[in-house]
Structure formats: C-alpha cells, structure tokens
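K.L.:
Pasting the feature list from TrEMBL:
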- Cys164: active site, nucleophile (ACT_SITE)
- Arg144, Arg145, Arg184, Ser185, Gly186, Asp187, Asn198, His228, Ile229, Tyr230: dUMP binding site (BINDING)
- Asp187, Ala287: (6R)-5,10-methylene-5,6,7,8-tetrahydrofolate binding site (BINDING)
- 6-279: domain 'Thymidylate synthase/dCMP hydroxymethylase' (DOMAIN)
Amino acid sequence: MNKTDKKYIEIAKNILENGYDEEKLNHEVRAVWEDGESAYTKFLPQEIVRYEKGEVPLISLRKIAWKSAIKEILWIYQDRSNDVNLLKEKYKVNYWDSWKNDEGNLGTAYGYQINKKFKSPETGNMTNQIERLIDQIKNNPLNRRLIMNLIDVDDMADMTLIPCAFLTMWTVSGDYLNLTLIQRSGDFLAAAAPGGINAFQYYVLLRMIAQVTGYKAGDFVHFIQNYHIYKKHIPIVKKIMEVKVDEKSRPRLEINPDIKDFKDFTIDDFKLLDYYPDKTKYDIDIAL
Ligand SMILES: Nc1nc(=O)c2c([nH]1)NC[C@@H]1CN(c3ccc(C(=O)N[C@@H](CCC(=O)O)C(=O)O)cc3)CN21
Ligand SMILES: O=c1ccn([C@H]2C[C@H](O)[C@@H](COP(=O)(O)O)O2)c(=O)[nH]1
C-alpha cells in the first residue's frame, strides 16, 4: 500500500467516524439524487492533504479514471473551454453532461475564466490567467501573486456549477515549483479523495507547468473546505477501505520531456507506469 492509499483510508475513517451528518442538522441541502431525493452527506470542514515531492497522488485501492482526469485539465487550461460537447467529442469524456446549459456549456465557469482577457498587473499587456502564470514563473519567479482563480463573483450567477476545485497558488523555491489547490467542496468517492481525480489532475498540472517553466515539481498541498461522503456512497467507501492493494502498484507518471510549450501537450504525452489498481467496478450515483 503506498502513502496515498493510507491517506485515503485515514481520511475516510475520519469522515465516517467524526463527520457531521447533514440529515441530523435540520437544514435543507442543495444536492439531490436523480429521483429528486435530498443527497445528504457526512462531512468534515477544513482538511489538508499534503503530498511531498515524488509522491504521485493516485490510489490503487480502486481504479481511477486517470486519463479522463488529465483530459479535463487540458480542456480547462489548454483549450480554455467551457464547452461540454468539445470535452465529449475531442476527449471522449462524458461525465460533465448533466451540468451543461441549453448552449451545451458550463456558462461562465471553469475554462471560461481561464480564457477571459484581462490586463496583466505586471506587464500591463492583455493576457489570460494561464499565460500570465507561465510568463511570471519564467520571468519573475519570486512573484507572490501567482494564482489562477476559476471563481469570479461577478460571473457566479451564470455558472452552471460553481467550480469546486477553484483556486491554485504557485510558489517557486529554488529548483522547485510548489502548488496549493483550494477546493471549496469535495465529493470524496467521485472526485476529491486523496489520490482521486481532483488531486491527481492538479498534480499533473503542476508537473506540466514545472516542465515548461524549467522547474522540478515540488510539494503539492490540497485543501478541502467541505470534505464529504454522500450517505448513499458509504457502503462503497467501506468496501474500498477493505481492498488488499497489489504491492507492486507504485504508480509513476512519465511526461514527454520534449514538450516545452504548454499548448503542445496532448494526452499521448502522458504515460502511467507500474499502476496495478484494484479492478472492482462500483456503481456510483452522482449527486446533482
Ligand atoms: N456530486 C458531484 N460530484 C462530483 O465529483 C462532481 C459533480 N457533482 N459535478 C461536476 C463534476 C462531474 N464529476 C464526476 C462525474 C462522474 C464521475 C463518475 O461517474 N465516475 C466513475 C466513472 C469514471 C469513468 O470511468 O469515466 C467512477 O468510478 O469514479 C466522476 C466525477 C466530478 N464533479
Ligand atoms: O471537481 C469537482 C467537481 C465537483 N465536486 C463535487 C463536490 C460536491 O459534491 C458537488 C458540488 O456540489 P456543491 O453543492 O456545489 O458543493 O460536486 C468535486 O468533488 N470535484
């Protein structure tokens, strides 16, 4: 069992044993199941998961859709798109379909915010968030204002889903580029657990940005403000916690070292080695 699997089990246990039960708190919850029933969770506030240099945040306790996770990052930060049909046609990822509006996009959420033009506070030139970030890491690495933010309050009302993993903060220290990801809300089973889609995809973004700016990937910190397990997911999470992990599973991610420009990465530039996850299939309902 690798370090990330241990973190998964430790935090699952903590949420199950100490989490607040929404159903007992007598307030309405927003999320619903497909049939309209309230989707209650057990949750803990303010968890911090820290991955040190060299740790690939990917669990082997269950198979994670790691390629889809990377494709979603390419769609948001490289295509700078909010178009769910593009995600489906270009990348064959379907799992955002339930959140698209009548025009087939996420409104002003996610890639829309990365594509938005604004005046760079450093250069005065018109730019976008990813272009500014890469430029500043390369040319002004001690800048303490290195962030990308997917939530702009001016646009919040037109977002089909207010981004959950919404803020990244970047710091260069010596040879290393370090990343903190701030997540306001985390669905433990579907996306936000240690070594799940969200942690893995932002680790990959760290590796990509480090590569094109000439740094090594440093520490990755994942902060989750409301960390929850939907009550319907509890039996599945309990099963996953009991899985015996294949000891030879020690995932390593190789990225094509020839890519020097962020816009040139494609999904074929990513190779996952020594990943032997448990293959049990679970039927996971997603709260809407
Ligand atoms: N309640 C909720 N949880 C989420 O994790 C979530 C949302 N809503 N809304 C927006 C996106 C959509 N996300 C999703 C949606 C579906 C799966 C899902 O079905 N996962 C399956 C199969 C993955 C695959 O093989 O493609 C799984 O086994 O994890 C995961 C994340 C993440 N986000
Ligand atoms: O990347 C993602 C996207 C979504 N989620 C989860 C977190 C919540 O369970 C729902 C969103 O519902 P809110 O009421 O808006 O918080 O989606 C995630 O974990 N990761």
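Along the chain as shown, the residues are counted starting at 1.
Note that Cβ sites are derived from N, Cα and C of the backbone, with glycine treated the same way.
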K.L.:
Using C-alpha positions only, work out which of the binding-site residues Arg144, Arg184, Asn198, Ile229, Ala287 is nearest to the residue listed as 'active site, nucleophile'.
P.N.:
Arg184
K.L.:
Can you tell me how many other Cβ atoms are located within 10 Å of the Cβ belonging to Asp187 ((6R)-5,10-methylene-5,6,7,8-tetrahydrofolate binding site)?
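P.N.:
Other Cβ atoms within 10 Å of Asp187 ((6R)-5,10-methylene-5,6,7,8-tetrahydrofolate binding site): 24.
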K.L.:
Just jot down the residues in the same chain as Ala287 ((6R)-5,10-methylene-5,6,7,8-tetrahydrofolate binding site), at least 6 apart in sequence, with C-beta under 8 A of its C-beta; none if empty.
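P.N.:
Looking at Cβ-Cβ distances below 8 Å from Ala287 ((6R)-5,10-methylene-5,6,7,8-tetrahydrofolate binding site), excluding near sequence neighbours, one finds Ala31, Val32, Trp33, Ala39, Asp187, Tyr230.
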K.L.:
What is the one among the recorded positions Arg144, Cys164 whose Cβ has the most other Cβ atoms less than or equal to 10 Å away?
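P.N.:
Per the Cβ count within 10 Å, the most buried is Cys164.
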K.L.:
May I ask which residues of the same chain, at least 6 positions away in sequence, place their Cβ under 8 angstroms from the Cβ of Ile229 (dUMP binding site)?
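P.N.:
Ala12, Ile15, Leu16, Gly19, Thr41, Lys42, Phe43, Phe188, Leu189, Val237 - these are the non-local Cβ neighbours of Ile229 (dUMP binding site), listed in sequence order.
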K.L.:
How far apart, in angstrom, are the most distant Cα atoms among the dUMP-binding residues Arg144, Arg145, Arg184, Ser185, Gly186, Asp187, Asn198, His228, Ile229, Tyr230?
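P.N.:
Max Cα-Cα spread across the dUMP binders: 37 Å.
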K.L.:
What kind of secondary structure is Arg144 (dUMP binding site) part of, going by DSSP in three states?
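P.N.:
The three-state answer is coil.
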K.L.:
Give me the non-local Cβ neighbours of Arg184 (dUMP binding site): same chain, 6+ apart in sequence, Cβ-Cβ under 8 Å, ordered along the sequence.
P.N.:
Ile162, Cys164, Phe166, Gln225, Asn226
K.L.:
Taking a cut-off of under 6 Å between Cβ and any atom of ligand 2, tell me which of the binding-site residues Arg144, Arg184, Ile229 pass.
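P.N.:
Cβ < 6 Å from ligand 2: none of the binding-site residues.
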K.L.:
Quick test of your reading of the structure: among the recorded positions Arg144, Cys164, Arg184, Gly186, Asn198, Ile229, whose CB sits under 6 A from ligand 1?
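P.N.:
Near the molecule: none at all.
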